[in-house]
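Right, one structure below, let's go through it.
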Ligand code: SF4
């Protein structure tokens with residue numbers, strides 16, 4: 001169960017973590033500057049377990065892994081969007097930040113409401129309205145990486161990348 | 001048989017593969033830069049068991065210092081040192097002579113038919129050489145450094161076919177912006193774009209690179225152009241590696257977009273998204289504080305030549321600052337020899353050391369609150385060049401140079417026309 005932070009379309013990586021602030025690999029620093037300028041209240045008030053809802057093309061722009069890392073570092077439970085930009089999606093999967101595509105959940109949920117998300121089944125329940133939604137299933141290869149908790153764990157389990 | 005993307009993956013794997021398949025491929029080269037390497041090292045160290053691990057091949061692993069070079073802050077210098085230490089341990093030579101996407105081809109690392117992964121979203125630039133270049137995050141790149149491999153979902157392809165004759169004052173950048181206007185900022189998400197048509201065939205490598213570079217601004221995974229004699233001539237003397245000139249064979253494209261450039265005008269992308277494109281002549285009332293000529297999109301010799309042609313014997317508006325950054329040392333030296341750098345300097349511009357410069361807002365020309373920049377960059381995202389309230393406009397080198405003269409966004413044809421009358 002987590003509070004929804006609803007953002008718009010085309011939330012790019014410069015909005016998520018501006019280039020001026022990503023000269024670091026320190027998680028605490030990255031957490032602090034997550035959406036720092038675009039959504040100042042987010043960086044001040046986000047709590048572990050909260051949920052980010054994005055519109056279309058979430059995470060477009062640069063390949064900086066600092067972007068999903070800064071969200072993960074805030075212990076956000078999952079990012080649900082109508083669609084993700086390719087590199088952001090891949091980065092999130094690699095580092096173990098859960099990402100789900102669910103058009104309906106985004107369209108029918110509002111900022112500040114509460115969501116319950118089952119990451120295994122992709123079932124999403126809006127606790128404020130009582131509505132339930134089903135996220136799109138993952139690509140089988142991606143699902144294996146997600147199940148392992150990220151690409152590093154996946155390769156360690158498999159012994160190699162294959 | 002298939003699109004250029006399918007042909008490249010089929011060639012790499014030695015068996016026919018098709019869009020939608022997920023494949024694991026031995027990559028030809030791996031690249032990361034000063035900002036993305038530190039996180040890649042972390043992933044690499046985790047995977048290889050801390051410091052003892054070695055990269056798959058130190059001659060095919062490349063680290064480029066370009067994003068904040070020379071270091072502008074203590075934090076950047078500290079990160080640089082961390083990366084230098086890693087490179088030394090790994091026997092990787094750090095390239096410090098320009099923007100990664102310019103230096104990689106110049107060094108002969110980008111050949112047709114190869115697969116190259118880079119920890120930078122504009123790694124799609126290598127598509128100009130018929131190579132499958134794509135941007136990834138640091139963890140993917142750390143994995144590639146360790147294993148020499150990466151996984152790919154072979155993408156569907158959107159074909160952009162470009163025909164007609166470019167009018168005077170209209171350049172490859174204007175056509176690129178026109179394509180973004182058509183496709184939108186996520187119109188090619190998860191897909192490859194394959195550029196074809198007479199305009200592309202007649203373009204130089206530099207102009208082709210502008211196209212491939214901007215594929216990511218539509219979400220594209222790659223921006224491919226089939227290699228031909230132009231490619232071969234450019235690579236002459238840069239590599240002695242053999243390579244195939246692959247092209248699409250009976251391709252099935254998801255979508256075909258036809259663009260006739262004959263009536264195209266100089267275009268400007270307005271903040272904050274690259275698809276907010278208007279003819280330059282319709283936004284001439286926008287007052288500009290800084291102009292920037294450079295980047296992996298338009299910092300090459302022909303770009304500098306176009307701008308120098310407009311600025312020769314003139315001075316920029318006293319209300320404006322102009323920054324010029326050649327994309328690489330090779331270009332810098334050539335521009336110096338040809339007198340372009342002197343033209344810029346006499347016109348009142350600051351000429352910087354090859355690298356990304358103000359493109360990511362960390363040094364050498366950052367913007368104050370509310371300021372506006374007219375640039376040859378590929379991205380106009382809010383806050384990218386400095387203060388989050390500053391605005392970024394994108395256009396061709398000619399539009400940027402013309403704007404430098406007047407202090408307002410200027411259609412370069414106005415200046416070029418004046419010249420032809422004089
Ligand atoms: S010039 Fe700009 S877009 Fe190109 S690699 Fe550097 S920061 Fe990225």
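Cβ atoms are placed via backbone N, Cα and C, with glycine included.
Marked as [4Fe-4S] cluster binding site by TrEMBL: B:296, B:356, B:359.
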Could you tally the C-beta atoms, other than its own, that fall within 10 angstroms of the C-beta of residue B:296 ([4Fe-4S] cluster binding site)?
27
Three-state secondary structure, which DSSP defines for residue B:356 ([4Fe-4S] cluster binding site)
coil
When DSSP states are folded down to helix, strand and coil, where does residue B:296 ([4Fe-4S] cluster binding site) land?
helix
In chain order, residues whose C-beta lies under 8 angstroms from the C-beta of residue B:359 ([4Fe-4S] cluster binding site), counting only those at least six residues away in the same chain, are B:292, B:294, B:295, B:375, B:377, B:379, B:384, B:385
Set of same-chain residues at least 6 away whose C-beta sits under 8 angstroms from residue B:356 ([4Fe-4S] cluster binding site):
B:66, B:67, B:68, B:99, B:295, B:296, B:325
